[in-house]
């Protein structure tokens, strides 16, 4: 064939292929329409895809029509039910590591907040670490002087448990230098205290929105738990203190529903002192182990009923668990009175196990060094010295700090009981070390059915930082 004939042949073949392709597409469309109509779905294929990004679940409804995707973002569905939380505590034979954030180690070269008072609380879907920032980052000039407890720069924030308190994953909760938080099964409730010492205000947030307030009633540093509050059947309970740290103060129990205060009662505790309670649900009541910052080296015990009636006293055990404290052998124990004549103190916790008690304490008697949890037979109800188990969490060569309690809800564990858990803060920097800042990291442990070996899960950051050498 001559060149013109070749061109005509190729063009004819191409035209034929094009016509065939068009016919096939038309047939495909007709068949698709007929099939979809027969199945009662019309022209659209609808599907829902759930993707998780960090701690936020994003729901996308994707509508597909031929080769076109339409993506519609819809609001995350909220939980429909309040958590029950009336189950008993599970029996714990030991405590296994749940998480460790290593915030100070990471913060030497990462964008990590300067914090104190970290604690953990759980919803039916997740556990989160809450903390009070100083409005500054580690290894930065604004970290200077962050040993101070109360300032206008302090904010209450949270991350998913195990994450460092970093800039990129932290969620703002409240402006606060004292706080508590808990989940009722539907939404998070947070209480953040801020303002001047004589006129501080606690702002109650529910689902991220401020819905109620508590003004200082004694005019002397209104403050709260620095650990998880407790929700039972949709009602949430927490304890607040207003008044001196070294003599008689005023104490109140608060009850809220959907973030709105529906009840409160004063705690009559003449001669005793209550601060920074560590509370948990147990058999339909709220049990709290608190701090006596006035005289006692034994810890106050507060048990709250749903109607806001309460019993208050001291942990009966014949072993002291506050710091500073005297020798175990010289301590007799009391269920009703403070003993030990040691001022100051540190936030701590305990768990009732029948008549027994698991109680945490620093290993050092005089400073916040080391941490152990001990089980005392009949220690909840008697002046018992019968220590039947001990597990070291931080050895006596490393700094500890505050500690507190929380529970894993049955929605998370699928058990018939509430798993007892605790966290230990590990404070670094001022006043014990040569730095310009004070911050902390934490280790979190949860109760299990087996004995767990002692070890030291200490902070491990190498100090001083670069900013401390300038």
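Placement of Cβ uses the backbone N, Cα and C atoms for every residue, glycine included.
Taken from Swiss-Prot, the feature active site, nucleophile covers 402. Residues annotated as disulfide bond in Swiss-Prot: 90-417, 122-127, 182-229, 231-236, 277-290, 279-288, 316-335, 421-446. As annotated by Swiss-Prot, N-linked glycosylation site applies to 39, 46, 54, 84, 144, 293, 398, with the evidence given as sequence analysis. Marked as region 'Involved in apical transport and lipid raft association' by Swiss-Prot: 11-32. Residues or ranges marked as region 'Hypervariable stalk region' in Swiss-Prot: 32-86. Feature annotation from Swiss-Prot assigns region 'Head of neuraminidase' to 89-470. Feature annotation from Swiss-Prot assigns topological domain 'Intravirion' to 1-14; the stated evidence is sequence analysis.
Structure with Swiss-Prot features highlighted.
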{"residue": "84", "record": "N-linked glycosylation site", "Cβ contacts under 8 Å, 6 or more apart": "232, 233, 410"}
{"residue": "127", "record": "disulfide bond", "Cβ contacts under 8 Å, 6 or more apart": "98, 120, 121, 160, 161, 406, 408, 412"}
{"residue": "144", "record": "N-linked glycosylation site", "Cβ contacts under 8 Å, 6 or more apart": "436, 437, 467"}
{"residue": "229", "record": "disulfide bond", "Cβ contacts under 8 Å, 6 or more apart": "121, 180, 181, 182, 189, 191, 236, 237, 238, 279"}
{"residue": "277", "record": "disulfide bond", "Cβ contacts under 8 Å, 6 or more apart": "225, 227, 239, 288, 289, 290, 291, 300, 302"}
{"residue": "421", "record": "disulfide bond", "Cβ contacts under 8 Å, 6 or more apart": "95, 98, 120, 405, 406, 407, 408, 444, 445, 446, 447"}
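Residue 231 (disulfide bond) has 122 as its nearest neighbour among the recorded positions 122, 293, 316, 335, 402, going by CA to CA distance. The DSSP secondary structure for residue 127 (disulfide bond) is strand.
Secondary structure at residue 421 (disulfide bond), as computed by DSSP, is strand. Around the Cβ of residue 293 (N-linked glycosylation site), 22 further Cβ atoms fall within 10 Å across all displayed protein chains. Under the DSSP three-state reduction, residue 144 (N-linked glycosylation site) is assigned to coil, being neither helix nor strand. Residue 402 (active site, nucleophile) has 293 as its nearest neighbour among the recorded positions 90, 293, 417, going by CA to CA distance. Closest by Cα distance to residue 90 (disulfide bond), from the disulfide-bonded residues 122, 316, 335, is 122. Reduced to three states, the DSSP call for residue 279 (disulfide bond) is strand. Ranked by how many other Cβ atoms sit within 10 Å of their Cβ, the disulfide-bonded residues 122, 182, 231, 288, 335 place 335 at the bottom.
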